[in-house]
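Trainee: Pulled these features from TrEMBL for this protein:
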DOMAIN    72-369  domain 'SAM-dependent MTase RsmB/NOP-type'
BINDING   CYS180, ALA181, ALA182, PRO183, GLY184, ASN185, LYS186, ASP204, ASP231, ASP251  S-adenosyl-L-methionine binding site
ACT_SITE  CYS303  active site, nucleophile
REGION    373-417  region 'Disordered'
COMPBIAS  390-399  compositional bias 'Basic and acidic residues'
COMPBIAS  405-417  compositional bias 'Basic residues'
Amino acid sequence: MDGAALLKAEKKLPPHLAKVLVYDLLFGKGLKCGGRWKVLVLKHRARLQAELARLKVRRKVSCNEDLLVPTEGVIQAPQVPRYVRVNTLKTCKDDVVDYFKRQGYSYLGRAARMEELSSLSGKQFLLDPHLPELLVFPPQTDFHEDRLYVAGHIILQDKASCLPAFLLSPPSGSHVIDACAAPGNKTSHVAAILKNKGQIFAFDLDPNRLATMSTMLVRAGASCCELANQDFLTVDPSDPKYSHVTYILLDPSCSGSGMVNRLPAEEGAPSSERLRALARFQRKALTHALRFPALQRLAYSTCSVQQEENEDVVWDVLQEHGTAFRLVNLLPSWPQRGLGMFPGAECCLRACPAATLTNGFFVAVLERQQECNNQDSSSSLPAEAEVDSGAERSQDGEGRGPCAARKKRRKKSQCVK
């Protein structure tokens, strides 16, 4: 405002009102007001925009957010890349890559190492080393106005949030439950993996979130979803409607302590009382999910970094259901594993900004033990059913079944300390 001499030129404009109007003009959603103040500020729009551009050049930054001065007492959110999931219900990875090339972006191919993701700058982008439909751009790259996003061809979704559906990997035609579904990014990801063939039963207790989710799924072209405004804990596993449900994605309410945009120091860690309450609900939800009679595979995930919501919940439930279910060894090349609180906990995945360049996250996959494994069915230790970065689950279903790794029985103890 000083550089544009706004208040000198418009002496009747109150300074505090000027700040609000200029903020909306340059950083908000535009001037929504009417009357003489809007007309007055719009007269100076070109000069204000030019001053903002000069300020960014002087500070040597490219994003408006980088102009913010660090505030004492606030933990600065780590810089994680912008992840863009290609929505294969509407397009394909190659077409999206070609589109961004035409927009002036430079495609660097598939990343060989996660370290490459942290060195992106400007208009560079990569293909993620683990997820085959995930593109990676520099932090704070904004695509909310891009026509591919508006049309639902791309989904702006953190990499860690893509892991549950990717690791669940239900084959086309499966019946799947998304137990706590809103806002729906994971649901649309499952629909894309199913190729819209099969059925997704999506539950959420919040009608407003469910309405938003419905709009998002329509935009994403996910047509195999049946939404229900219902508490998952009240769903009857013996209902014939769910007799063919073989896959469940369970991402229950959690503390959200892993979200990098929720790190103000004054909030601190969640209280022990809140963690206990959340963990009780999470154990109930996981135990309830394992009661569905046809269930073969379940992905349990949270956007929490708290042991009480992650390893402790999984271990408690495994001790109750260990004769029927066991952990699956996930992505052995993933750098951050579950905390070693029980034998096989390292088969779970953890994520955090420093180690994986994502939000904080936890994923565990449980798989039903089949008769072919009856000789050791009393164990709750991990199954050797790996999904690695170099060999994603193939389209013909190889590696999906709980007995898929029988040839590797001798290596079964790899995951157990």
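Each residue, glycine too, has its Cβ placed from N, Cα and C.
Unlike curated records, TrEMBL annotations are generated automatically.
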Trainee: Measuring Cα to Cα, tell me the gap between CYS303 (active site, nucleophile) and LYS186 (S-adenosyl-L-methionine binding site) in whole angstrom.
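Mentor: Just about 13 Å between their Cα atoms.
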Trainee: Whose Cβ, among the recorded positions LYS186, ASP231, CYS303, has more other Cβ atoms within 10 Å than any of the rest?
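Mentor: Neighbour-count leader: LYS186.
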Trainee: Based on the record's binding annotation for S-adenosyl-L-methionine (CYS180, ALA181, ALA182, PRO183, GLY184, ASN185, LYS186, ASP204, ASP231, ASP251), what whole-number value in Å is the widest Cα to Cα distance?
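Mentor: If we measure all Cα pairs in CYS180, ALA181, ALA182, PRO183, GLY184, ASN185, LYS186, ASP204, ASP231, ASP251, the largest is 19 Å.
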Trainee: State the count of C-beta atoms found within 10 angstroms of the C-beta of CYS180 (S-adenosyl-L-methionine binding site), not counting that atom itself.
Mentor: 22
